[in-house]
Amino acid sequence: MEVLMAERANLVFHNKAIDGTAMKRLISRLIDHFGMAYTSHILDQVKTLGFQQATATSISLGIDDLLTIPSKGWLVQDAEQQSLILEKHHHYGNVHAVEKLRQSIEIWYATSEYLRQEMNPNFRMTDPFNPVHIMSFSGARGNASQVHQLVGMRGLMSDPQGQMIDLPIQSNLREGLSLTEYIISCYGARKGVVDTAVRTSDAGYLTRRLVEVVQHIVVRRTDCGTARGISVSPRNGMMPERFFIQTLIGRVLADDIYMGPRCIATRNQDIGIGLVNRFITFRAQPISIRTPFTCRSTSWICRLCYGRSPTHGDLVELGEAVGIIAGQSIGEPGTQLTLRTFHTGGVFTGGTAEHVRAPSNGKIKFNEDLVHPTRTRHGHPAFLCSIDLYVTIESEDILHNVNIPPKSLLLVQNDQYVESEQVIAEIRAGISTLNFKEKVRKHIYSDSDGEMHWSTDVYHAPEFTYGNVHLLPKTSHLWILLGGPCRSSLVYLSIHKDQDQMNAHFLSGKRRYTSNLSVTNDQARQKLFSSDFSVKKEDRIPDYSDLNRIICAGQYNLVYSPILHENSDLLSKRRRNKFIIPLHSIQELENELMPCSGISIEIPVNGIFRRNSILAYFDDPRYRRKSSGIIKYGTVETHSVIKKEDLLEYRGVKEFSPKYQMKVDLFFFIPEEVHILPGSSSIMVRNNSIVGVDTQITLNLRSRVGGLVRVERKKKQIELKIFSGDIHFPGETDKISRHTGVLIPPGTGKRNSKESKKVKNWIYVQRITPSKKRFFVLVRPVVTYEITDGINLATLFPPDPLQERDNVQLRIVNYILYGNGKPIRGISDTSIQLVRTCLVLNWNQDKKSSSCEEARASFVEIRTNGLIRHFLRINLVKSPISYIGKRNDPSGSGLLSDNGSDCTNINPFSSIYSYSKAKIQQSLNQPQGTIHTLLNRNKECQSLIILSAANCSRMGPFKDVKYHSVIKESIKKDPLIPIRNSLGPLGTSLPIENFYSSYHLITHNQILVTNYLQLDNLKQTFQVIKFHYYLMDENGKIFNPDPCRNIILNPFNLNWYFLHHNYCEETSKIISLGQFICENVCIAKNGPPLKSGQVILVQVDSIVIRSAKPYLATPGATVHGHYGETLYEGDTLVTFIYEKSRSGDITQGLPKVEQVLEVRSIDSISMNLEKRIEGWNKCITRILGIPWGFLIGAELTIAQSRISLVNKIQQVYRSQGVQIHNRHIEIIVRQITSKVLVSEDGMSNVFSPGELIGLLRAERMGRALEEAICYRVVLLGITRASLNTQSFISEASFQETARVLAKAALRGRIDWLKGLKENVVLGGVIPVGTGFKGLVHPSKQHNNIPLETKKKNLFEGEMRDILFHHRKLFDSCLSKNFHDIPEQSFIGFNDS
């Protein structure tokens, strides 16, 4: 103390708060100066002082002390603004998901960090004695980040997988969390808790394995005499200065170090602070130091190779168990660090990049040839400079030059005006951080249903040639064209065919899919329409008036349009030459036995129609009977239309039936029950007897109706009929008795002896004379059918337009399928169709085209962009195209096909549509969609996509378009005309009409569908629409039909919206069909912004776009699925592979350490260390020839892999701020890398191939045999290394006990009990510390040591004895740098 008092005069007085780090420094200085005991004494006094002060001044903490940082509000607002812009970019498809995630995390992380930095100055200014503030920097409990969560914002959390949740917690704990934030923070907290539990066991196991590997390593010698070392150079910029100092302090030099001619340090001298500082200042040559790697022995280590003991700053003592210390020092931080869970989610590439900012305002100039455009990791455009780039900034009076280093990103364009402090470039983080990057896969899922398209070529990954994994060669968009698919496992669905229309409430099997996609503006309309248009369905006879008709169109093409019924399940079947479009009526849905009716379009087998042949027929379910009976036409004559028998395939029953054409409206059906029985069957009723309902007739038959039984025996079978009705025994006077088989109309009096009454319905009187008895009259009920024109195909196929359109006529004819009086037999339960409504094709005999006798018909499948559609096409064979010139439209002149050729030669498919009122009402009430099947290659139906109509908007209107005056008024009221939000193409809802250019009116009163405000104009019919449609095939050729025969080719419902623009103005962009347009791209000059989508229709003055969602993908991303494939919500679209920094926290770090130590593959891309090693082995052996090659190859490989392993492990720990001395890691790595694998049988047969032996042993054996042993280096994981030691007892006590012991017994292994564990197991003295001397006998040592060393050792021993009592003297003489025992200096003296 006196000395201190004396020196106090010239000491500097530090008036400064001492925090944790300052305290650490102070203590280390004290230890350096005064040694351990003295220091502990001083610290004791400091502790006492501290407690006295703390007792005097207590701190209380109240909730008012938690002051929120004032700048938080606008910081958070700013961050939200940025995320909003980012979200928009992502929505437009400018940024892909990974970039969005990265950027949003960086935005929030920066905000959170900024708040954290604000916290301290804020407290210092407003309330320096705030207890929270004092606490957070005391270094005791609580650190800045915890306080930051109390008063700043909690920031980002990670989910259970360790991925970031990109929704930050904006509140702090003082303000309180919202529900969402609370749940997210529970994720983070739970992850912390779970990780702590899980990782503790992991870390414990890691420690156990590490100790297992190195437990036998003890310091047994002072010097192994190696000449090798590892060179460390301070000049090399790779290693920061502090790491450099850490590496050197406590090591022993392997070589003298010269500064010019002067030697500033000698070999075997240990390095202290002073020496290190000298090295740094002099920037001397690379310094060669001794490490455990260079130690000559395998099973122990010498003092000089180990260096100073970290505990007391002296050279390590003999007999110290350095192996166990090393294992623990690596394993222990693992258990501690599990508690540090960092919430950065590993997105940063080793810290945020550095920025270069502009020194002043001005214009920026640089040489554009030296940079090339690229994307930053946030998806922003930038320029990458490959060499140094000089940027000049010209402000008003001065030029600034800024130098931008290579590999940086320039964020501004040439000649751009920049403001002072604006970020102009981003310097890529140093190369050193690249090592702990990790490749991570990120899947992007589709958030809507639809079809997939992509706008660029893709490569098939070679291993998935036939799969659906594609690689993107360049940055491009993937598009999901919206539409709702419907999944069903029912086979039933295969009868839905492409382009069928259906209600959104359609029944599929027993399951009901309901979609209310377009309910938005419908409610209003439902009210308006429900009063006028209620269709009464009390009679339960379905009203077919709202069916679409079959259309005949340009060049005699008949394109069928599917039929939609309000509650119909619509199925269309395509057979080889026949379409059936069935309908279900309500009646049938309840009573499912009835087969469904349908319109069948049928083509003759040879494909040729003669005149008057039947094109399509419709079996009306009302003319269908289940029971057998007789048809009567009364007195009306009929004639058979088709003379030859016509083969009908109907419901699988082939029957020859002539067709009889009806002349009248009435026909009668007399029901009877008929059973046809085999001749051998026993009948339980007599002929002419009367039975009741459900009487037993034969063993397994019961009667369905009651009545008179007639039995007729034919050749091989019995026909049994039951006639229902009344039986009269007429008197003589009754006239009726003379008739038999007569139909009596209602109203005729019927007299009889007892009573007389009027007949209400038609009846059929039949006279029956049984044998031996008087005859009687059977009065049978009759079912009357009348055929009205109201409910037949006339509504389906109005003849006007057909006739007007080029001479083709479709006549509608009703046929009765059975002759007059013919008995009709129903087979089991099938129904019998009595009347068939047919559509007869005919054409006028024109003078010019009189030669035209036959028409060819075929079903056409058109495939556009992978979708298949069916059309029925009828061509008159010799018809010239005569009408093209007549009806040309001026608007058509600009719309030729792309190559400029005239479009008249392209065969168009035109269509005309007409609607009835029920159709309108129903299309307004009900959301509908169209079935749109996607076929796979074998044309089996795979899935349906139901495209339904939603979010339609029509943009415009523009100037110079002539409108009706009515429409003009409505435009004034409402510039955006809502066309009905569930717009679809025709057939599903109202036509989309260019109201001022209608070419073809069928209707009497024109109505305006486009504006539902003008309801008074709604009459029962309305205008037919024409569209300019273009067809695109796979090669992108455009079939552009003549505008005067405008065609609808996509009768399916999409998400559409309209964009009107006037082609009179020049358009800024030329729109091609099928083109994809991103949102916010302006097409016309003053046009509104678009939604994103694909152009599916280009009109003279507007385009229709099908909504689509773009997803951006970068090169190397994997696309799942095929082009045009249906995707469902939540399906994987793309997989990105991106890099994120490894070890965001120790939870990610520990597994990395383990991976390195177990020598597993670390990242998916870079080669494993093992492979690298093999490469080295081969090359060097080839260069140097065999005997030396193996040795040197092995040595070099081992050296290289060792250093890289040490660096990798250090990186993980350093990223956590954990300092572990390199030598601990080196000891363990040395054990992993010191084995070689014998690769082939030498002549000597000393080792068997595949045996693992130590490298030194292999060298010695090679020297002894004077023959090359072939071996190669292997990297063992720590588990394998602990199972390949010299002691089988230690191996057996670790793992696989039975196997290890059995093998050892077979080989006759000997355990020399050199390690700790073997001795512990067997209860011997541990050869460490005090038990160490007993192991090494001097005699044993002398046997295997060469002569000179013996002499040297003797000399050492003598000197030690002489100098022992002078030790203290020496100690004080030596400079502060060397805390050495004299022995060492003498050794140094001897060696030099």
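Yeah, the Cβs are placed from backbone N, Cα and C, and that goes for glycine too.
Listed in Swiss-Prot:
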BINDING   Cys224, Cys295, Cys302, Cys305  Zn(2+) binding site
Remaining residues near the recorded Zn(2+) site, that is with C-beta within 8 Å of the centroid of the site residues Cys224, Cys295, Cys302, Cys305: Arg221, Asp223, Thr226, Arg290, Pro292, Thr294, Arg296, Ser297, Ile301, Arg303, Leu304, Tyr306
Conformational class of Cys305 (Zn(2+) binding site) under the three-state DSSP mapping: helix
Count of other CB atoms lying within 10 Å of the CB belonging to Cys224 (Zn(2+) binding site): 17
Other CB atoms, at most 10 A from the CB of Cys302 (Zn(2+) binding site): 23
Binding-site residues (Cys295, Cys305), the one with most neighbouring Cβ atoms at 10 Å: Cys305
Conformational class of Cys295 (Zn(2+) binding site) under the three-state DSSP mapping: coil
